[in-house]
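Peer 1: Below: one structure in structure tokens.
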Amino acid sequence: MEGEGERERKRGGRVCCVCNEARASVKRPKTLQHMCRECFFHAFESEIHHLILNNSLFSPGERVAIGASGGKDSTVLAYVLSKLNRLHNYGLHLFLLSVDEGITGYRDDSLQTVHRNHLQYQLPLQVVSYKDLYGWTMDQIVDVIGFKNNCTFCGVFRRQALDRGAALLKVDKLVTGHNADDIAETVLLNLLRGDVARLSRCTSITTGEDGIYSPNAYRGFAREFIKDLERIRPRAILDIIKSGENFRISTTTKMPEQGTCQRCGYISSQKWCKACVLLDGLNRGLPKLGIGRSRGSVGSENGNGSKVEKSIQGKQCGTLDF
């Protein structure tokens, strides 16, 4: 009797290289394999499971917050982690953590997606807002600062908002999801900025306080450049990430020391964290006070990166990148 795979070949279609039956629907850049939908899902979820086990990312009983923006990356992360937790009995207590920046017409729809995830995956949801945390919405900040530097405020505040939300939930770790493009852009940006400290760890599965945030125009340049490279060489994105993973720095290189902000108590390599500097400028009517200052301080306190924070308030945190 003729099988599905044979019928697909006769129709001129490409058959999944794993099951050798169903029609291939995706070509994985990572392996160049042509796979059907179900085999791809199985491979993707299995790889994440083994990554978790091989790197001992979690321990039974831990409270883990999933950064949930309502976008594709965080939605996939919430689905996969909740599924693996049930399937393999990790014993984790999972929560969804979302940030409401206060951007009319932007965050409303994505928060609806987060609420659907909350119901669908039966995970508790915590939403923290810029208005409650800082006394400002992003709409109000844009009215003062304009569009040119608004990404600086949004990225810095969002990163700390995640830290604060994690503290409210009393979680052990915070995980955020990013795709390969995000990580490749970050490697390139750190290289272009000569940021040796973060270049050495921006591809790590667990990281400290620094995220993958960068001013919109600068990251936009990196994104466009990488896409141009990808058109010439399809594996360019993965090659850039691999280069970042293999990067090593000299043991004599001086690295920034990590401490806590004297004002808010959250992680900072300066006396005041970037969020407090920016907020102080807003409240004093000097909104450009913290923009463009020391490269080290700007990069270290911002972010919407991929991470896992171990002990939130004023203590060292790790961050998982999926």
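In case you wondered, yes, glycine gets a Cβ from its N, Cα and C as well.
Automatic prediction, not curation, is the source of TrEMBL annotations.
Under the heading ATP binding site, TrEMBL lists Gly67, Ala68, Ser69, Asp73, Val99, Gly177, Asp182. What TrEMBL lists as domain 'tRNA(Ile)-lysidine/2-thiocytidine synthase N-terminal' is 64-200. Residues annotated as domain 'Cytoplasmic tRNA 2-thiolation protein 1 C-terminal' in TrEMBL: 259-289. For 294-322, the entry in TrEMBL reads region 'Disordered'.
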Peer 1: Judged by the number of other CB atoms within 10 angstroms, which among Asp73, Asp182 is the least packed of the binding-site residues?
Peer 2: Asp73
Peer 1: Which has the fewest other CB atoms in a 10 Å radius around its CB: Gly67, Gly177, the listed binding-site residues?
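Peer 2: Lowest Cβ count within 10 Å among the binding-site residues (Gly67, Gly177) is Gly177.
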Peer 1: When you measure from the Cβ of Ala68 (ATP binding site), which residues in the chain that are at least 6 apart have a Cβ under 8 Å away?
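Peer 2: Correct list: Ser74, Thr75, Ala78, Leu96, Leu97, Ser98, Val114, Asn117, Leu125.
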Peer 1: Take the domain 'tRNA(Ile)-lysidine/2-thiocytidine synthase N-terminal' (64-200) and count its residues per DSSP category (helix H/G/I, strand E/B, coil), listing them in that order.
Peer 2: 80 helix, 21 strand, 36 coil
Peer 1: Within its own chain, what residues at least 6 apart in sequence put their Cβ under 8 Å from the Cβ of Ser69 (ATP binding site), listed in sequence order?
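Peer 2: Counting only residues 6 or more apart in sequence, the Cβ neighbours of Ser69 (ATP binding site) under 8 Å are Ser98, Val99, Ser110, Val114.
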Peer 1: Averaging the per-residue pLDDT over the domain 'Cytoplasmic tRNA 2-thiolation protein 1 C-terminal' (259-289), what integer do you get?
Peer 2: 87
Peer 1: Helix, strand, coil residue numbers for the domain 'Cytoplasmic tRNA 2-thiolation protein 1 C-terminal' (259-289) per DSSP?
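Peer 2: Taking the domain 'Cytoplasmic tRNA 2-thiolation protein 1 C-terminal' (259-289) as a whole: 10 helix, 4 strand, 17 coil.
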